[in-house]
Amino acid sequence: MIKTLKRIPLVFLIAIMACSNSGDNGKDKVEEQEQAQEQGEKKGQGEERDKEDGIDGLQPTFLADQDPKPDDKKWIKVEGVSDEFNDSELDLTKWSPTPEFIWNGQDRGWYGGSRSLFEADNVSVGNGFLRIEGEKFDSPKYSPKDNTDTPPQRRYGGAYVYGKTLAEPGYYIEARMRASKTAMSAAFWLKTETKPCGENLNDGENLEIDIQECVGVFTGELGDEWTKDDWAVNANWDRIFHYNTHRHNSPCNNIGDRQTKGGKANFDKKNSDEFHIYAAYWHADGSKIDFYIDGELEKSITPVIPFKGALRLIMSSNFYDWIEETSAEDMGFNRPLEDRYTQFDWVRVWQLEDL
């Protein structure tokens with residue numbers, strides 16, 4: 001910035017100094033220039049990362065012959081649920097950094113697994129990334145909804161960031177993301193709003209689309225029944241592309257056990273070692289969801305029922321209930337802060353329009 005001022009002609013500087021309140025105005029001007037430069041540098045960082053990956057950011061990420069767009073349509077970005085994270089703070093007009101969700105005077109938010117606590121303090125934006133810190137507390141904590149008559153059990157801190165604008169059927173939803181180097185999860189997903197079943201937008205159904213869920217460090221599992229199969233236990237949870245559609249039990253459907261259809265693929269490297277672009281094309285009629293990795297179709301899923309209603313878009317980091325607890329060192333919680341971040345480079349959501 002000093003070099004920039006040196007380039008300004010001396011006569012011009014004298015004229016500025018002669019003006020009333022010139023000191024304050026000059027300071028304000030310099031601060032504005034510094035802020036603009038900082039934002040430009042951050043934007044440049046994101047653009048440079050996109051260039052390295054061969055992405056222009058003006059269209060969804062697809063490899064050759066992978067774009068499902070019909071010839072008479074074009075992709076348009078849905079700005080309300082898209083973000084490059086190039087500002088210095090989270091855009092609170094788009095995102096909530098806390099799971100708190102007050103409906104009819106009741107907090108219907110979900111604050112994490114039984115050993116985890118979602119806290120807004122673990123959410124930050126910097127260097128062109130949305131960052132969710134994973135931490136091990138010095139002592140267990142309560143969530144705002146816990147029964148304080150029993151000892152607290154929440155020992156690990158993460159966060160839950162959700163979009164204030166709901167995602168709709170017909171959207172192509174993608175994020176460039178990397179897991180932390182801890183046992184915390186890294187997840188990009190959609191879920192029915194936590195309203196009473198008769199008041200949500202899914203005809204009372206409690207639906208979920210997991211575009212990606214993994215962990216940064218896999219320490220083993222506790223032996224819950226659902227993890228006692230080859231699909232889960234031996235899935236290499238710290239080097240996985242893991243996607244699902246869930247139809248959960250609710251008072252309105254009484255289906256009993258959750259109904260799930262999904263799949264997985266494994267990477268050569270760990271989820272914490274490299275960024276990937278995780279995406280899903282949610283067909284407009286809700287009958288099918290196509291899951292993509294780095295612009296390539298991995299699998300098309302037909303949910304057990306059509307997913308026809310709008311869902312909440314979520315970025316989160318949780319300590320899964322089925323993960324085995326080992327030492328803080330082994331689980332990565334003694335690592336430097338930068339290693340304990342789950343990072344989202346950007347989130348981009350698209351819809352089709354007529355040409």
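Including glycine, each Cβ sits where the backbone N, Cα and C put it.
Residues or ranges marked as N-palmitoyl cysteine in Swiss-Prot: C19.
The annotation S-diacylglycerol cysteine is assigned in Swiss-Prot to C19.
As annotated by Swiss-Prot, region 'Disordered' applies to 22-72.
Listed in sequence order, S185, A186, A187, F188, W189, H242, N244 are the same-chain residues at least 6 apart in sequence whose CB falls under 8 Å from the CB of E213 (substrate binding site). Secondary structure at E213 (substrate binding site), as computed by DSSP, is strand. What Swiss-Prot lists as substrate binding site is W110, E208, E213, and the listing cites similarity to another entry.
The annotation active site, nucleophile is assigned in Swiss-Prot to E208 on the grounds of similarity to another entry. According to its DSSP assignment, E208 (substrate binding site) is in a strand.
Sequence annotations record features per position, and here Swiss-Prot assigns active site, proton donor to E213.
W110 (substrate binding site) counts 17 other C-beta atoms within 10 Å of its own C-beta, drawing on all protein chains shown.
Same-chain neighbours of the substrate site beyond W110, E208, E213, judged by a C-beta within 8 angstroms of the site's C-beta center, are, in sequence order, A187, W189, K191, D210, H246, I314, S316. Within its own chain, E208 (substrate binding site) has W189, L190, K191, T192, N244, T245, H246, H248, L311 as residues 6 or more apart in sequence whose C-beta sits under 8 angstroms from its own.
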